[in-house]
Amino acid sequence: MTHYCGINRMKEGTDFEKKHTPFIECKDRVKANDYFEVKISTGIPHPMEDNHFIHWIELYMGDLYLARVDFTQFMKPEVKLMVKAPSKEHEKFILRALMRCNLHGVWEYEKEILLE
């Protein structure tokens, strides 16, 4: 049963929040239409037990769905994806990651990327 409703975001930087926030690691600047690596993981390792684990991670470019990776308690909630940057018609874009803990709900993190 999930005890948290809606989408949660890190506010105070507590260990609890860091265990549930899907941090995005990638370049701050990328070339338009080029592929670049995006790593998504928790800031602090999250328990992966039968009754408490990260269920999935989703990645979006703004509101555009890119990918979803599902996990079981036998996996590390971390993923690396190759993402294609948008065309140069924009100066920047937002990557948005969502992560769901089976007990503590959905957590979100955003990162702004500049286009070269």
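Easy rule for this one: first residue shown is 1, then count along the chain.
Backbone N, Cα and C atoms are what each Cβ position is placed from, and that goes for glycine too.
It should be emphasised that the depicted structure is a prediction, and the values quoted were computed from it without experimental measurement.
Quick look at what Swiss-Prot annotates:
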{"type": "BINDING", "residues": "H20, H46, H52, C101, H104", "note": "Fe cation binding site"}
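Location within the structure of each feature annotated in Swiss-Prot.
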| residue | record | Cβ neighbours (10 Å) |
| --- | --- | --- |
| H20 | Fe cation binding site | 28 |
| H46 | Fe cation binding site | 22 |
| H52 | Fe cation binding site | 13 |
| C101 | Fe cation binding site | 23 |
| H104 | Fe cation binding site | 19 |
8 Å Cβ shell about H20, H46, H52, C101, H104 centroid, Fe cation site members excluded: K19, P47, F53, I54, N102, L103
